[in-house]
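Since the structure comes first, as structure tokens, the remarks are kept for the end.
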Amino acid sequence: MTKQTPAEPIRIATNGADAPAGSPLTEPFTLTVDDVLISLGASRTGLSESEAIDRLQRHGPNRLPSSARRNPFLRFLAHFNNVLIYVLLAAAITTASLQHYIDTSVILAVVIANAIIGYIQEDRAEKAMDAIRDMLAPQTTVLRDGERRAIDTADVVPGDLVLLEPGERAPADLRLIEATGLFIDEAILTGESVPVEKSVDALARATPIGDRTCMAYSGTLVTNGTGRGVVVATAENTEIGRIGGLISRVQTLTTPLVAQMDVLARWLTILILLIASVLLAYGYFVGQLPFDEIFMNVVGLSVAAIPEGLPAVMTIALSVGVRAMARRNAIIRHLPAIETLGSVSVICTDKTGTLTRNEMMVVTALTQAGLFAIEGHGYDPTGAIHPSPASNTLAELGRAAALCNDAALRLSGSTWQSIGDPMEGALLAFSAKTEVDISGWSRRDEIPFDAVHRYMAVLVEAPDGRHSIMVKGAPERVLAMCKTQRGDGADVPLDQDYWQGEAHLIASKGQRVLAFAMRDATVDGFGSDQPDGEFTLIGLVGMIDPPRPEAIGAIEECHAAGITVKMITGDHAGTASAIGQQIGLRNPTSVLTGADLDARSDADLAQAVLDTNIFARTSPENKLRLVTVLQAHGLTVAMTGDGVNDAPALKRADVGIAMGVKGSDAAKETAVLVLADDNFASIAAAVSEGRTVYDNLRKTIGFELPTSFGEAGAITIALILGLALPVSPLQVLWINLITGITLGLALAFEPTEPGTMQRPPRARETPLLDATLGWHIVLVSVLFVLAVFGIGAYATAKGYPHALSQTLAMNLLVVLEIFHLFFIRNIFGTSLTWASAKGTRVIWTCLALIVPAQFIVTYWSAAQQVFGTRAVSVVDGSVIIAIGVAFFAILEAEKQIRLSLSSRAGPVHE
Ligand code: ATP
């Protein structure tokens, strides 16, 4: 763990005497650290903010040019590239050749309207995806004006001093100036997946890119250790930029279910074409009908039956879902996750920052002199200590807290903020309250914190030149390194049991406990030394991190939704249990630690994972094992993570969730969902939206298919029985045109149904088109056919001309579709509520288009000529509405009976 020192220069290469400071350097790996800094006009304390702004203007943002979007016209044309549309186009060409120009134009209108909707929607979806990508814009920690700052990676400029930590990707090409146990995975650049150890030594000019150990190239991933590097090239001047940029991750707007429906729609098309050809042959050869007439009938049938709008509407439902989730801070990185989210049955979540606020404050300190209560607000470095600290050991604790620390406190307006780890910010505030003086102390080396070892150590030099090592970390880790404890005068042997007991006591109040220890050192660096058993314990601190109030509500919501919430934390068992209690986890007193997990066989663990909801002091390997064991029970597991080592568990989980704020790049890249605000409540929101999207997909299918089948069924029966057609082919085309582009679309925008989060999760393997939905499709199709023939019989009984009979049937079909739409909005509850009757804005916009259009087609003489319609009397109009009401009543009664039967039989797994 030795800090690398610069070697002798091998060759000094500059960009030429007149190169402006901050221009990308050629071959910076051949320069010593000092020469690189000089050439770039940079320093070890970073650029000044004004210089950085100036350089940003000169060099432009550190972003690779995004690949150009396809020509809009070509994108529009792509919407015609679909088997369903080919059939419609073929029908248009044939009708035109038969000189049925009106039919041709209506078919073309259907096709073009579909393409326009598809195009607009795709455009909106792409924009939404772009916006989401911006929400995920990576951040980089740099030093500016000597202070740590988290900035957008796009704002990084040549000369910036970047701080590297495990899990982060290098934001630009960096010449390393410090490397502490730093390993970088350069697979993205060299294909070599074994991480390379880095140093700061200058190298020979001929060194190939994979061996340039003093460089961290843009896009490569830090797997271990920490480092600092000065930016030598940004954007397209980086190595990755030069080789054509990162393979841009293209998000295709499809999921397994949509793909399934796409296939189903194609098979349906083929089936419909087969039936149509049989009917054509039958009508022509057996029925002896003129070809022209029978052909038009068959065209009407095919257009009616082909669910041309279905794939588009399903895609729209998904993209509406993606946007709804993004509004609720849950960013979908991988579209199929939307479907999986709806079936999540267990959520395994971190504690710190997800269930708690990650706003820490030290409230307790314990040294041999006793227990101290620390007062104050947030990160404000002022506050009283009770009893008043006359203790040297408390001052020593305060010093260690400040020196073994990478954070900084900054006053922003009137509030103090922590720059860096909130826990370390809290330690700085605590240190300031002890009024200890740390001026003149300097850090010589460090062992950075990592979640596996759970401690951090620094080697510091006191103003008098003496060296010492200070360590802070999880009490059991630090206590294990200690032999003695700081006494009033001399050090005394360590009382392990006492400190362990006290640590547990503080933790049981929900406080996070850290222990501090130190020992003298003789060397200037850690070398290969690991902190050993020779340390002296200074004391403990306890800090609060209040639970997020919204997380409490979200956990309750999850429980109501049949989802178990489990906390998997790196923290102490006592702290985890106390927080679990505060936020309402079930069975919070039973806790398993990482060590307990390691000690159990898979068989033992199988039952324990179901009974236990809190897992403390866990390692990333424990997380992976927990996911696997839970999945073995058939559960759909969502798992959160933030560190580089969490990636395997995130990948294994059904829904891997990364933290947007404190998560590492590696975790975000593996996760399918990223939380913009790290908040547990956003997971619950995402599950609710996931369920909504799934429901809307089902509703769309449940609406579109019976519409197609009902219309097509009526025509087919008439053709087979040799009856006059109940609706003319042109009228069928018309119905398809207006309802296809309005009503069907409305379902994609349906809001969450009440009670969505009171249902148990759907089983993963449930097919989208299950028995319930299949039955609904059959029932509605049959009701459509009966209604159409029923109104035909009514018209015949009244002695109406055939044209009026067809007009009544056409209007009836539209009315039935409207009633069906209002019905299908509530598949899990009653549709007879004011909220369902009120509908949504999208629905009323559709109705505002359809109703006048129907009036025009029915009553306007010019339209009557074209569509062969007749004016409908008020009485007949009322009969149509009455049939619509009866249709709605039948469907609602059937649903209520079905729901009450299934609720008596047990929970519905819709
Ligand atoms: P969660 O997994 O719920 O986010 P966590 O933040 O407590 O919990 P880790 O970050 O893995 O999980 O920390 C585990 C333990 O390591 C902490 O409880 C603490 O004792 C110790 N620890 C955390 N951060 C540091 C640090 N910067 N320096 C020293 N020790 C630390």
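If you go along the chain as it appears here, the first residue is 1 and each next one adds 1.
Keep in mind that glycine also has a Cβ here, set from the backbone N, Cα and C atoms.
Annotated range for transmembrane segment in TrEMBL, selecting from 673-692, 733-752: 733-752.
Summarising model confidence by region, the domain 'Cation-transporting P-type ATPase N-terminal' (27-100) averages a pLDDT of 85. The stretches the transmembrane segment (263-285) and the transmembrane segment (733-752) do not meet in space: the count of Cβ pairs below 8 angstroms, excluding pairs fewer than 6 apart in sequence, stays at fewer than three. With a cut-off of 8 Å on Cβ pairs spaced 6 or more residues apart, the transmembrane segment (733-752) and the transmembrane segment (872-891) reach fewer than 3 such pairs and are scored as not touching. Nonlocal intrachain contacts for the transmembrane segment (773-796), taken as residues 6+ away from its ends with a CB within less than 8 angstroms of a stretch CB, comprise 698, 701-702, 705-707, 709-711, 713-714, 717, 726-727, 804-805, 808-809, 812-813, 816, 820, 879-880, 883, 887, 890-891, 894.
Across the domain 'Cation-transporting P-type ATPase N-terminal' (27-100), DSSP assigns 43 helix, 1 strand, 30 coil.
Long-range contacts of the transmembrane segment (840-860) within the same chain: residues 734, 738-739, 742-743, 745-746, 749-751, 807, 810-811, 814, 818, 821-822, 825, 867, 869-872, each at least 6 residues beyond the stretch ends and with a Cβ under 8 Å from a Cβ of the stretch.
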